[in-house]
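Swiss-Prot has this to say about the protein:
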- Gly35, Lys36, Gly37, Gly38, Val39, Gly40, Lys41, Ser42: ATP binding site (BINDING)
Amino acid sequence: MNNQASRLDNLMNIKNPKSFFDNKGNTKFIAITSGKGGVGKSNISANLAYSLYKKGYKVGVFDADIGLANLDVIFGVKTHKNILHALKGEAKLQEIICEIEPGLCLIPGDSGEEILKYISGAEALDQFVDEEGVLSSLDYIVVDTGAGIGATTQAFLNASDCVVIVTTPDPSAITDAYACIKINSKNKDELFLIANMVAQPKEGRATYERLFKVAKNNIASLELHYLGAIENSSLLKRYVRERKILRKIAPNDLFSQSIDQIAGLLVSKLETGALEIPKEGLKSFFKRLLKYLG
């Protein structure tokens, strides 16, 4: 445990040459979601977080896919305790954080739904968020939410600063993505879209334009931004089986290049003030989450 704490101290003391401000209390929360499962959402979350880390940012990944948390498997790490242990008071937040790289860490989720009881408990939540200083130097936290439009998933999305919806060209995925866009437009003026598993870039653009047209006809105030397409990669399935991050192992693969472009577009939106994001930290995020779960 002491070794883990020491590694975490090193993680938090890393100087970020690409940040020109004191980011304490200014962590930005990027939620990744989808209208249905099986569209590659969690792999995108993990690879996007790694790409942001490679750009020089300090990044956390929060596995908020309640009931199906599996980012530890995707990253190829073993976690003995997760956020449920922290919320129950059985471990400190510092003890559950798993370092992936110096500057990239995982906040592991729980694969059951017991976590909801503790997130909704004010006393447990207050004790948990009082330890937020351990993550206060992170520039970004990527929140991998569940698929669909369930109440718990929506609470995480509403509490985040930026919502990215992942879809594929499959008709059922597009239909579910629109449902996701529609419900999230009630709380977000701007949403972002990634077209995954496309045969070629123009298929991704066509998927976006189809969704954009329907959304604009029914949700006049919505801004739906296209982050880009990710083509099918012959290497992805291999490295998923091997529990390795493709962006790390094969940075020149088309998948990795697309992830880097998407990360760059997101950063340009979030760092130039195109999106109005208040200064906040993990405590603010969880307090908003509690409000939406209420």
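Keep in mind that glycine also has a Cβ here, set from the backbone N, Cα and C atoms.
In the three-state DSSP reading, Gly37 (ATP binding site) counts as coil. Within the set of binding-site residues (Lys36, Lys41), the lowest number of other Cβ atoms found within 10 Å of a Cβ is recorded at Lys36.
Close to the recorded ATP site, the chain also has Ser34, Ala147, Val166, Thr168, Ala173: residues not among Gly35, Lys36, Gly37, Gly38, Val39, Gly40, Lys41, Ser42 whose Cβ is within 8 Å of the site's Cβ mean position.
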